[in-house]
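Reading through the structure tokens given below for one structure.
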Amino acid sequence: MVSIESLRDQFDELGVDPSPEVVNKCIEICTRYDIEDAVEFVETWMAYSVSKLGGAEPTVDNLRDMESHEFANRGRKTAGPATNRVKQREDFGSPRSPPEDGSEAGLVIYSNANLDSVESDVLGSYGCVTPKAQKPVSRLHGSTPDRSKVLFSPASYSPITSKRSQDQDGPNNSGNVVYTFGNGQLLKQVNWSTTDVDRRNPLSIKVPSTFVDDHLEEGAAEAGLGDFMNDECKYMFDSSYERILILGDRIYEGGKRICRRLASLRQEERADLPEKLDKTECDELTAHKNEQDEILEKVGIRHVDHPCTEPVNIMGRIVVHPEKKQDRVAIVDFDELTLRQMKLDFSKMKTWSVFPGETVVMEGVNPRGNVFEVHNIYYEIDLELPKAPMKLGNEVNMVIASGPYTDKDDLLYEKLSDLLTYCKNNCPDVLILTGPFGDISNPLFGTIAETYEEYFEKIIINIMSSVSPNTEVLIVSHHDDLMSMFVFPSFPYTISTSFPNLRFLPDPCIISINGLEIGITTADIIKDLSEAEVSGDPKGDKIKRAFNYMFHHKTFYPLNPPPENLPLDMDLLSTFGKLSRVPNMMICPGDLKCYIRDVHRCVCINPGRLSDQTSGEGTFARVVIKQPESEAALPFNYVVCQVVKS
């Protein structure tokens, strides 16, 4: 028999002071349904209040509603909902129910991992038996997935139901290939099921320091994967003045590379090109002249506001007015002290494209001194193209997926569970997972009954326990993740548990796997560039142009200013976001439709989102890299990639 004192004690531990009428109603309900544990009753009330009433205080009417929902059919059940919930907590590691002596009390914490049995009990209490539809066979796994256990279910105050039971009769497109890249003959030889681990060579995964700073000496010691960007780095300390200096350096350094290429091309076309132009043509550069400025003199760079009727070359940074006006595009001069600006007129060009923040050299005229009429645009530099990885050894198999990893209306991570089942069955050499794991835009993370740090660590532990120890797992951070500092470039994640085959990587980063260089960024730079670009070539390939911009500007994020949702730190980007050379592969997940492109011998991949928040479907990529025949081999002949529906 539940006593008034025990009930008041349990409510008091929850910070609730019930009125005498409420206590009498509680005693009445406990007596009617043979409830002998005050802890069980108060837990049931709190679970009902949080899930149905928004955490309202107990009143007689609220208790009457709870009675009709929770206890009305208790007498006809062999095991009530509370018993099932206690069993769920014990089975899945959530807090256990308090001892019978009432020495410990707490809220009901659902694990959301066995909801089907609870629903069946409710239907059975009404004498209803609903036959379950046969679950579809997943083409991704080759067998019916086991849903009896959900690895990633969070501790929660209320159950989070899965919508898969509603879609069981629908078609299952899991495993369908939606995009393919690679030589046709090579595709026929590839076996995507790579369960034979005995024949594999150990993988050498490195992040050379030369990728981070191209000023380091040749043969500098290679740093560890997390050494080049860690918690000791300061972030969001760059002032407006420092940003201006960084942008000025970007214009000056990038402009010199463009001029160097132009001078080289002109010397090839005109053998009689003088080594230096007349002094009268270079007077405006005197204030900036040093030993490295000679290359600017060779091209004859003028300031952007220089009036002229004969074609001249100007150098600067593109700025775009946010409103779509006819004269919305302008150029800012390379002289950061004066910040001269001039409007641009592209009417004399058939095809053209520019974006905000782009460093360019333009050829044209400015007869009136108020508008520069563009005849040619130069932004390309001499690129260091990648060489085929001759030290690859045996073929390397990779699986690449990008977050979000769960649907927007639950936190069950069913898509991630399916992917891990695929990896367990096929055992890839490398599994690359990019964030976010906990999207800050998902309000359900505010309802879980544990800190997100604890939940994230549980996710990582379950990932590592689900894949083979022969699979190297690389996890790349994302600025929109709850584990992130909300800054780009983003610091690598950290957990208290370590695994020998797990590495956390910052965003962006470049890694080397047996000599295969892979650049990775989770910032949606391709979409941002495509949307910000102002182009007179609507039929061109925007995706290829965006990657071209990245390689020729030698940075993972050349766009400036960035969108409002990207917390860009210019100082960190200038230090850790460099692309000193073109890698063999670029992984740039984003919201655009999945794609694979070959740009300057670099295989550029967007695997899509594992769980698309709009369509409810998702995709991931699987890649096989064969041993190339020579360093000059094209990626088409040694890389095979498919984008697959999750």
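Quick reminder: no glycine exception, Cβ is built from N, Cα and C everywhere.
TrEMBL entries are annotated by machine, without manual review.
So that you can see what the record holds, here are the features copied from TrEMBL:
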{"type": "COMPBIAS", "residues": "155-175", "note": "compositional bias 'Polar residues'"}
{"type": "DOMAIN", "residues": "5-74", "note": "domain 'DNA polymerase alpha subunit B N-terminal'"}
{"type": "DOMAIN", "residues": "297-378", "note": "domain 'DNA polymerase alpha subunit B OB'"}
{"type": "DOMAIN", "residues": "399-593", "note": "domain 'DNA polymerase alpha/delta/epsilon subunit B'"}
{"type": "REGION", "residues": "72-105", "note": "region 'Disordered'"}
{"type": "REGION", "residues": "134-175", "note": "region 'Disordered'"}
Over the domain 'DNA polymerase alpha subunit B N-terminal' (5-74), what is the model's average pLDDT?
82
Could you tell me how many residues in the domain 'DNA polymerase alpha subunit B N-terminal' (5-74) are helical, how many are strand and how many are coil under DSSP?
50 helix, 0 strand, 20 coil
What are the DSSP helix/strand/coil residue counts across the domain 'DNA polymerase alpha subunit B OB' (297-378)?
3 helix, 43 strand, 36 coil
